[in-house]
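*Asks:* Submitted below is the structure of interest, expressed as structure tokens.
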Amino acid sequence: MTDTPDHRPPEMQARPSRLRRAWESDFIYSFTRSPVAMVSAFVVVVLVLGAVFAPLIAPYDPFNPASLNLMNGFTPPGTANQFTGDVFVMGSDDQGRDVFSTILYGMRISLFVGFAAVLLAMTIGVTLGLIAAYVGGWVETIIMRIADVQLTFPAILVAMLIFGIAQGITPPEYRDQVAIWVLILAIGLSDWVQFARVVRGATLVEKNREYVQAARLVGRSGNAIMLRHILPNVLNPVLVIATISLALAIIAEATLSFLGVGAPPTKPSLGTLIRIGQEFMFSGEWWILIFPSATLLALALSINLLGDWLRDALNPKLRA
Amino acid sequence: MLAFTIRRVGQSILVLLVTGFVAFSMFTYVGDPIDNMLGQERTQADIERLRDQLGLDQPFFVQYWNFLKEAAQGNFGLSYRQGRPVGEILVERLPATLELAFVSGLMALIGGIGLGIFTAIRKSGALSSSIMALSLIGVSLPTFLIGVLLIYIFAVELGWLPSFGRGQVVDLGFWTTGFLTVSGLKALILPAITLGLYQMTLIMRLVRTEMLEVLRTDYIRFARARGLRERAINFRHALKNTLVPVITVTGLQLGSIIAFAIITETVFQWPGVGLLFINAIQFVDIPVMAAYLMMISVMFVGINLIVDLLYFAIDPRLRVDRSAAKGH
Amino acid sequence: MTDPVLSVQGLTVEIPGRRGILRPVDDVSFDIAAGEILGVVGESGAGKSMTGNAVIGLLDPPARISAGQVMLKGEPIHTTKGDAIRRIRGKRMGMIFQDPLTSLNPLLTIGDQLTETILQHLDVSEPEARRRAMTALDDVGIPAVEDRIDSYPHQFSGGMRQRVVIALALCAEPEVVIADEPTTALDVSVQAQVLALLKRLCREKGLAVMLITHDMGVIAETADRVAVMYAGRMAELGPVRDVVTVAHHPYTAGLMASTPDASRGEARLRQIPGSMPRLGNLPAGCPFHPRCDRVGEKCRHDPRPDLSVDGGRAACWFPLTEKAET
């Protein structure tokens, strides 16, 4: 090793090179070469920003009764508010709520539930997967058997069941209040298996690599080895699954809410909005249905496409 | 093969025991089991008799065993909401779900395999490219949204097909069918497409990938070098090999059709067990939820077993021939 | 010699690529007569298999025949397409692939695969096709044909499977057989048996056999004449006995020296220095000159030589006309 000593301060040494390395990596290259990935990422960023900054962007606060007037009900898109003269870009619903605003706020709930559920699923899955692979024996058997049994059933069914049980345990007067959290719990618990399986598989491979054996010989404890050495190596597959899970979680949330076993009408998510919109489909107020549907479609499709691309980009072997 | 079958049956029993346990726990600990069994109109004597009969003072595993015995006979107590035996309601609702699942499954299978083969053989054609692009949207579209949009187009705007219900059904005594009337068949179209579309796109993409893989193999090249017709190569040689891995996934997909029917049935107010289940969740009707869970797990386990056996039927490599078993 | 069954003249295969057109087969000519085995030998990537595929019309697009002709009994077939070429494949030209493990369809019995091929090409009834299938299996030395015809490929050993593959290639009684590395994937002990079988069938049925291999030993043992290929071109062509005794092309000599031969009793095998140039990166002049120990100015600058410069024997400006001192 004949590295010439670098006399610059340490924070200046590492940063630029690492940034440049990231920029020049295949990852970024393949991103800039994939129009699908770029358009999807753009759509996702716009929608997420719209949801995050909903209170700033939305012309109305759909949950503030003072701003609503039933006289504004069923205003077609592009028509003005009878009182303020503002235009309802996407029309208004039966209660005079601005559809554009409810979509922004609904997306907040959809995305929050989606992210939180995936985070929960990821935490449970990664933890159990690591434990199963590292401890082995009957602990592993029990964890993986539970995973097998759960995998026999579609995730959406498991989520419905968990939601149903949780509703049964909750006293009726609190049900609407806790519904969002129950939803996160239900979707999160229904989706941990994928993470656990991948992490366990990857860990079993990494576990027998020389560097882990070396770390053991040096006398590191089990936890330190797991966290410092193995976890970084299983992050790529976890990232891919998390992205695809996010799309699935958002769809699951929308489905449950649409079916009336999810977000309550007082805190409508995109699914709840579509459920509401469906009721007015026959009477001709299509905008109450179509705009939330299109938003959900754009969100689910672009996250899915991004996940597809990510899988290919992070795993060159899968690229066919 | 015997060892494999025994292991699979063992796994199936495990799945049933675990779901049975979940159902039992719901039944016993969520809500009041006495309420579960008797409904609202009851006397003190009824309660005493049932408490004794259920053995609620008995050890946990005895209670669990009793629950399984009752469940095996289709006895899940009374629905909170309807006050009728849950088993009876399920049997009454089941034909609607099975007919819907059958038609959608058939559509998914025929459409999925057919389109999968087509897009694999005409790999670079414009038509198959557009089918592939559409299928990506199909995979991303939530089922309920497909249903809602279909209703919007074909029921609301065009007015061609009904938007809800089963239409007119014929009661055969043990079975009610919508297959025998025009309105029944018309009512089936939109729900069947809604339910089958997602599975169809999945099967199609899978068949395509596998088929492309198979078409690259040596034995296909050899078949070509022997001057066999394209049709024989694609359908006799390639298709059979494609189907081996496809069968597992497809079988499981068909199983999940029954579960996904919950969504479609709710969109179309289709009077099957799925709609029953959703209503049960909304009204916290625990006995119905527990019974549905048991019923669907029995179906799933059955389908999985059938898929495994089918696997043996189609792939001779898995059949251990007798000469080899004797230590050939 | 009688008229050749298979005659290949100036055959050239091109693959259009991003960096220009590649020529994996370039101006290759040879004849094969009935009852004769022509060995085609060369390193991997020399264009041997591509030549075989081009002859039988099984090039994978975008590869295509861009020049030259392939004549089967005087009738050109290199332009034949679709159904017409399909009727020639199997019926008049058979092909044997390298790996018997993968060249049989695992889900069909060998009887099914044989009768299917026979029914495709010959106008016979189904029972007759099955009878012929049995004869074909018997011909290639499968024991107890009655018991084994309804077996699946996985129930045979590697050598037996390759016999089945040969039976399949021959069951419609073709005149030409292209055998692409037929013994490479087999155990050494089985290789000799399969080669002997091929040789016997060639003599008995008057087949014209094109035997593609990278193994000079296989050629020496089996072939009547040999064509040596290098970088898509013919390096040398001649009767096996002559070529083995006195190789004219330095590359052939190098190949021979690097083939293990117990009778020579050498302690170490010779190697040809360097490796074959990649197709997109061929040197000017004779493609072998960077590795050749007899290289002269002519080799570097003159247009590449063809067989005619050595009287139809070797494509070399300075052929080794007398036995090279080893």
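The backbone N, Cα and C atoms fix where each Cβ goes, and this holds for glycine too.
Remember, TrEMBL labels are computer predictions, not curated facts.
Taken from TrEMBL, the feature transmembrane segment applies to A:36-58, A:109-135, A:147-166, A:178-199, A:234-259, A:286-307. Here TrEMBL flags A:107-307 as domain 'ABC transmembrane type-1'.
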*Asks:* In terms of Cβ proximity under 8 Å, which residues at least six beyond the ends of the transmembrane segment (A:286-307) contact it?
*Replies:* 36-37, 39-41, 43-44, 47, 76-77, 90-91, 93-94, 99-100, 102-103, 106-107, 110-111, 240, 243-244, 246-247, 250-251, 254, 270-271, 273-274, 276-278, 280
*Asks:* Pairs of Cβ atoms less than 8 Å apart decide it: which stretch in A:36-58, A:147-166, A:178-199, A:234-259 has the most with the transmembrane segment (A:109-135)?
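*Replies:* It is A:178-199, which has the most Cβ pairs under 8 Å.
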*Asks:* Please report, as numbers and ranges, the same-chain residues at least 6 past the borders of the transmembrane segment (A:147-166) whose CB is under 8 Å from any CB of it.
*Replies:* 178, 182-183, 185-187, 189-191, 193, 196-197, 248, 252, 255-256, 259, 261-262
*Asks:* In the same chain, who gets a Cβ under 8 Å from the transmembrane segment (A:178-199) while lying at least 6 residues past its ends?
*Replies:* 109, 112-114, 116-122, 124-126, 128-130, 132-133, 143-144, 147, 150-151, 155-156, 158-160, 162-163, 166-167, 170, 234, 237-238, 241-242, 245, 248-249, 252-253, 256-257, 262-264, 267
